[in-house]
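In case it's useful when we look at the structure, here is the feature table from TrEMBL:
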{"type": "TRANSMEM", "residues": "14-33", "note": "transmembrane segment"}
{"type": "TRANSMEM", "residues": "53-72", "note": "transmembrane segment"}
{"type": "TRANSMEM", "residues": "84-107", "note": "transmembrane segment"}
{"type": "TRANSMEM", "residues": "161-181", "note": "transmembrane segment"}
{"type": "TRANSMEM", "residues": "193-214", "note": "transmembrane segment"}
{"type": "TRANSMEM", "residues": "239-258", "note": "transmembrane segment"}
{"type": "TRANSMEM", "residues": "279-302", "note": "transmembrane segment"}
{"type": "TRANSMEM", "residues": "339-362", "note": "transmembrane segment"}
{"type": "TRANSMEM", "residues": "382-402", "note": "transmembrane segment"}
{"type": "TRANSMEM", "residues": "408-433", "note": "transmembrane segment"}
{"type": "TRANSMEM", "residues": "440-462", "note": "transmembrane segment"}
{"type": "TRANSMEM", "residues": "507-528", "note": "transmembrane segment"}
{"type": "REGION", "residues": "576-620", "note": "region 'Disordered'"}
Amino acid sequence: VAMATKMHFTTVDYVIFALLLVASAGIGLFYAFSGGRQRTTQEFLMADRSMSCLPVSLSLLATFQSAVAILGAPSEVYTFGTQYWFLGCSYFLGLLIPAHVFIPVFYRLRLSSAYEYLELRFNKTVRICGTVTFIFQMIIYMGVVLYAPALALNAATGFNLWGAVLAMGLVCTLYTALGGLKAVIWTDVFQTVVMFAGQLAVIVVGAGQAGGMAEVWRKAVNGSRVAGLDLNPDPLERHTFWTLGVGGVFLMLALYGVNQAQVQRYLSSRTEKQAIMSCYVVFPCQQIVLCLGCLMGLVMFARYGEDSPLDRGYVQTKDQMVVYFVMDVFRDLPGLPGLFVACLFSGALSTISSAFNSLATVTMEDLIKPHFPNMTETKATFLSKGLALVYGLVCLAMAYLASLMGSVLQAAFSIFGMIGGPLLGLFCLGMFFPCANSTGAVLGLLAGLAMAFWVGIGSFVMRASSPGVVPPLNNTIFDNVTASVGPVLQTATPRPVGLEALYSLSYMWYSAHNSTTVVLVGLVVSLLTGPMKEKDLRPGTVFPVLGTLLFFLPERYKEKLCCATALASEPRDVQAKPYRTGQTDGAFASEDESEGEEAQTKIVPSSGQTLPPVVQETAL
């Protein structure tokens with residue numbers, strides 16, 4: 001029988017939790033005082049572009065897998081069954097497209113910030129719009145990621161709320177500001193291992209107590225928690241195969257294709273091939289993480305059945321249920337609750353440290369360096385470290401705001417999901433549509449953001465005011481960066497029409513809906529205001545969609561169809577427009593000025609690699 005009182009940590013639990021924080025800080029200090037000692041912006045922000053495939057892929061995974069997902073997935077499966085498992089189908093395209101479309105373009109342009117691309121393809125205004133949108137998105141999200149696990153922990157165990165927030169925030173700020181991207185990536189690797197260990201321990205012990213995995217499965221089937229393939233195409237249905245498997249692809253692209261935190265990891269890889277491989281390695285790891293989350297939900301169901309701790313009043317929200325369940329399962333096993341809490345906080349630390357580092361990078365590369373092209377390397381590095389520190393303190397302030405917002409917590413998550421879609425649309429507009437111009441890009445982004453906030457806020461207000469709706473925070477999936485509004489209407493309600501139907505759109509379609517808005521508005525405005533000409537496009541900024549799809553045709557036919565110019569064989573354009581200028585063409589001061597040969601042309605093969613000829617598509 002579950003205990004009605006709060007369960008508290010033992011000394012062993014506190015020791016294990018403290019060890020996690022000490023180890024994370026230790027990795028940061030190690031990189032602060034070893035190697036190049038983070039003396040250059042290349043080392044601090046880009047890890048010297050020297051990372052191999054495995055740490056990069058585990059870091060990509062950890063950034064995606066925050067504490068919020070560890071809390072959200074099991075409670076989602078406990079409440080609504082295993083339909084959520086089909087999200088795994090979206091990972092396939094969601095990782096293949098970044099690997100073979102976005103990574104080659106970003107890597108060959110030798111960028112430091114994903115938003116540098118927007119200036120190369122459009123102009124400085126579009127770059128600044130993209131950067132400011134991203135900074136707004138990440139700052140809001142960081143506070144929630146820090147506060148949500150601390151709140152759940154406090155409710156279920158009495159663990160000091162602000163003690164947890166401060167410990168996490170300060171340790172994270174310390175190792176990110178001292179050790180740079182190398183420290184962030186290697187602590188992510190360590191934290192991924194801790195996350196796997198924590199979740200596995202809960203599943204093994206919990207299933208053992210429930211009478212084995214076969215018994216867990218039997219109870220789940222009897223309680224109709226094992227869902228079949230739901231092929232209902234209705235976009236208003238919260239979770240079906242289409243919303244998860246197709247809508248999920250757009251969420252994955254917004255995250256793995258164009259999010260600065262992830263792009264920065266690809267660009268820190270030793271070679272383009274290693275960057276692509278890291279995407280492939282993430283795929284099986286993500287499937288394992290999804291399975292662990294779903295299994296934990298089924299083990300919870302086997303333990304409590306329909307009589308959840310939430311119904312009994314032991315916890316206030318679904319997010320706290322997972323922590324309560326862990327404390328309940330591990331009651332007589334001191335040390336294991338500490339391991340799970342370490343797992344939970346590893347998720348939060350890995351997400352926040354990535355946010356600090358990516359925010360410091362875009363602020364430095366997009367907002368500061370273009371105005372101070374002659375800044376010395378020492379000063380630039382010092383300033384980058386200062387920025388990481390400042391963002392750390394901003395994050396703590398945001399956590400405090402999140403505590404005041406209460407149920408507006410969900411709105412903060414929604415804002416994150418709402419902004420990811422328009423940014424994805426902006427990059428797709430530049431990469432796949434050669435005729436798109438800068439006016440179209442700016443107006444498209446604004447239209448996408450307006451649409452996102454209209455639908456998101458409308459949905460939030462409608463569901464908060466409708467009777468017969470489950471209270472907002474109780475059944476939201478907080479799936480890390482892709483989280484959005486997700487409360488569910490009761491099944492008996494009639495199908496909404498008109499604006500209500502728009503507001504009832506499944507949160508899994510938000511990213512697809514918003515990015516499509518950006519592309520359509522951007523194209524219409526571009527065609528009305530004079531589309532881009534072939535000669536004005538910078539080589540390497542447009543991905544040859546037709547050329548890639550029609551790979552089986554001989555080269556001469558492809559050139560006729562694509563109006564293509566090979567990138568590698570024609571340096572004419574590169575010399576005509578030097579990459580290092582203070583003009584609106586591209587303020588590229590991102591590398592150490594002494595790197596002469598790389599400074600002359602930004603598009604260079606790395607470490608003896610030969611670049612294949614990239615066809616540049618210049619016609620719709």
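Glycine is treated like the rest: Cβ placed from N, Cα and C.
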Counting Cβ pairs under 8 Å to the transmembrane segment (440-462), which of 14-33, 84-107, 507-528 comes out on top?
507-528
Residue list, the transmembrane segment (279-302) vs rest of chain: Cβ under 8 Å, 6 or more residues beyond ends.
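53-54, 57-58, 60-61, 64-65, 69-70, 73-78, 82, 84-85, 87-88, 91-92, 95-96, 98-99, 103, 192, 195-196, 199-200, 202-203, 206-207, 210-211, 215-217, 219-220, 223, 225-226, 256, 266, 321-322, 325.
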Sort out the residues at least 6 away from either end of the transmembrane segment (84-107), same chain, that have Cβ-Cβ distances under 8 Å to it, and list them.
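For the transmembrane segment (84-107), the list is 73, 76-77, 114, 117, 227, 229, 239, 241, 244-249, 251-253, 255-258, 262-263, 266-267, 269, 272, 275-276, 279-280, 282-283, 286-287, 290-291, 294, 427, 431, 477, 479, 540-541, 543, 614.
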Counting only residues 6 or more past its boundaries, what in the same chain has a CB within less than 8 Å of a CB in the transmembrane segment (239-258)?
60, 64, 80, 83-84, 86-87, 89-91, 93-95, 97-98, 101-102, 114, 229-233, 279, 282, 417, 420-421, 423-424, 427, 480-482, 506, 508-509, 511-512, 515
Take the C-beta pairs under 8 A between the transmembrane segment (193-214) and each of 53-72, 161-181, 339-362, 382-402, 507-528. Which stretch has the highest count?
339-362
Name the range, of those listed as 53-72, 339-362, 382-402, 507-528, that has the largest tally of Cβ pairs under 8 Å with the transmembrane segment (161-181).
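Per the Cβ count, the answer is 382-402.
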Restricting to CB pairs under 8 Å, which listed stretch, 14-33, 339-362, 507-528, is in contact most with the transmembrane segment (382-402)?
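By Cβ pairs under 8 Å, 339-362 leads among 14-33, 339-362, 507-528.
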Taking residues 6+ outside the transmembrane segment (507-528), which of them lie with a CB under 8 Å of any CB in it?
235, 238-239, 243-244, 246-251, 253-254, 414, 417-418, 420-422, 424-426, 428-429, 433, 435-437, 439-441, 443-445, 447-449, 451-452, 455-456, 459, 482, 484-486
